[in-house]
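Student: Structure incoming, see below.
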Amino acid sequence: MAHVITRINAREILDSRGNPTVEVDLETTLGIFRAAVPSGASTGIYEALELRDNDKSRYLGKGVQQAIKNINEIIAPKLIGLDCREQKKIDNMMVQELDGSKTEWGWSKSKLGANAILAISMAICRAGAAANKTSLYKYLAQLAGKNTEKMILPVPCLNVINGGSHAGNKLSFQEFMIVPVGAPSFKEAMRYGAEVYHTLKSEIKKKYGIDATNVGDEGGFAPNILNAHEALDLLVASIKKAGYENKVKIAMDVAASEFYNIETKTYDLDFKTPNNDKSLVKTGQELVDLYIELVKKYPIISIEDPFDQDDWENYAKLTEAIGKDVQIVGDDLLVTNPTRIEKALEKKACNALLLKVNQIGSITEAIEACLLSQKNNWGVMVSHRSGETEDVFIADLVVALRTGQIKTGAPCRSERNAKYNQLFRIEESLGANGSFAGDKFRLQLN
């Protein structure tokens with residue numbers, strides 16, 4: 001029996017930062033299926049276009065009424081009557097025919113907006129799962145050609161200390177995450193993570209005062225930390241005090257594009273200070289040396305965006321130096337774009353993809369980016385954005401794609417915990433057919 005799309009309606013809702021975003025209700029003969037898209041703060045210049053209205057009299061220019069209009073008036077009429085199980089066909093139709101905009105890196109979604117296309121793409125996945133009488137994670141696994149019997153629960157990468165563009169402190173690196181690789185299950189990994197988080201909170205309160213325990217966009221803390229060493233010392237002490245030494249490791253997201261000077265080709269580790277300390281302006285090679293030093297001193301297992309999104313040379317240097325032991329993740333470098341991934345493979349620039357569905361703008365293309373990375377023995381980390389909604393789609397996606405790792409904030413703030421709570425449910429429903437990635441998180445490739 002065909003399960004056709006009978007109605008599509010888009011609306012403007014608010015994300016976790018109070019900015020507008022797109023939500024879609026897609027109706028089939030089986031009911032209404034809803035999806036909402038997230039939005040990033042530190043965005044890569046090569047991401048597919050997130051369409052904003054730029055009408056300064058409304059939401060400071062961040063409204064998404066044009067994207068809503070594009071869905072309701074351009075996309076919806078073309079999709080009514082199509083079978084909701086035709087995911088690839090519908091995604092390709094929206095991206096290539098209805099939008100059709102391109103750059104040298106592929107389909108850019110600059111006509112209709114990646115936020116418009118993705119909201120429908122996600123809702124269609126939910127409708128397709130219902131039509132196939134299966135869960136969303138199993139349906140997504142089928143779309144990706146993955147094993148649907150034995151499935152992998154991811155290691156959570158919990159962002160607990162914030163810096164960079166996410167925080168008002170002096171810290172240049174954007175995220176410091178705890179990664180409970182030594183836990184026996186996802187449920188226990190979250191317990192380890194939550195206990196370290198609360199231990200860290202009390203340590204920060206003692207050292208920096210109660211104001212420093214206010215949380216940022218992703219639920220992490222932003223105490224007045226000056227540099228990476230101070231942040232890492234604080235994490236190591238908190239992990240030890242919570243009783244999880246050797247079981248909880250550390251990951252960093254540097255977001256180095258945010259403090260790169262394109263003219264001088266240098267990195268300013270004091271970029272948030274008006275009269276910056278010139279000794280903290282580093283060359284690419286000096287930054288390579290700093291990462292090598294940090295990895296020797298601290299239990300760091302993953303570094304994301306260590307250099308600018310166009311600094312292929314230093315990415316390759318770092319990957320060659322420490323890539324065997326440390327995951328080097330491309331986010332702004334790759335923007336979940338298969339063409340950028342091909343270039344990174346050719347240049348041996350990194351060894352892992354950060355998968356953000358809204359960077360590329362359709363589920364079909366996101367799956368393609370993941371499969372290309374896994375085929376080349378890269379790790380893949382599924383990720384949220386700093387502006388999130390209560391939508392839990394990425395929790396199902398990470399299990400479906402068997403990537404073994406997810407980052408979706410601290411164990412705090414409901415839009416972050418919504419994803420982790422969905423993973424608790426999935427782990428429970430899988431029972432003996434689900435296994436936790438643990439310290440093999442880089443190897444979930446089948």
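Here the Cβ of each residue, glycine as well, is placed from N, Cα and C on the backbone.
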Student: Between 109-114, 277-282, 415-420, I'd like to know which one Swiss-Prot lists as motif 'DKSLVK motif'.
Tutor: 277-282
Student: Please pick, from GLU230, GLU286, GLU304, the residue that Swiss-Prot records in the Mg(2+) 2 site together with ASP253, ASP331.
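Tutor: Looking through GLU230, GLU286, GLU304, the residue Swiss-Prot assigns to the Mg(2+) 2 site is GLU304.
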Student: Say Swiss-Prot lists HIS166, GLU304, ASP331, SER383, HIS384, ARG385, SER386, LYS407 as binding substrate: which of GLU175, GLU293 is in the same site, per that record?
Tutor: GLU175
Student: Tell me which range among 59-63, 89-93, 104-108 Swiss-Prot lists as motif 'Pentapeptide insert'.
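Tutor: Among 59-63, 89-93, 104-108, the range Swiss-Prot annotates as motif 'Pentapeptide insert' is 104-108.
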Student: Listed recorded positions are THR339, LYS356, LYS375; which of them have CA atoms within 10 A of the CA of SER383 (substrate binding site)?
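Tutor: Cα filter at 10 Å returns LYS356.
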Student: Which chain neighbours of the substrate site, leaving out HIS166, GLU175, GLU304, ASP331, SER383, HIS384, ARG385, SER386, LYS407, have a Cβ atom within 8 Å of the mean position of the site's Cβ atoms?
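Tutor: Once HIS166, GLU175, GLU304, ASP331, SER383, HIS384, ARG385, SER386, LYS407 are set aside, the remaining close residues are GLY40, ASN159, GLN174, GLU218, ASP253, LEU354, LYS356.
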Student: Looking only at C-alpha atoms, tell me how far GLU218 (active site, proton donor) is from LYS138 (ubiquitin cross-link), rounded to the nearest Å.
Tutor: 28
Student: At a 10 Å cut-off from the C-beta of LYS133 (N6-acetyllysine), count the other C-beta atoms across all protein chains.
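Tutor: LYS133 (N6-acetyllysine) is surrounded by 8 other Cβ atoms within 10 Å.
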Student: What does DSSP say about GLU218 (active site, proton donor): helix, strand or coil?
Tutor: coil
Student: Given the recorded positions LYS356, ARG385, LYS407, which one's Cα is the least distant from that of LYS375 (N6-acetyllysine)?
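Tutor: Checking each of LYS356, ARG385, LYS407 against LYS375 (N6-acetyllysine), the shortest Cα distance is to LYS356.
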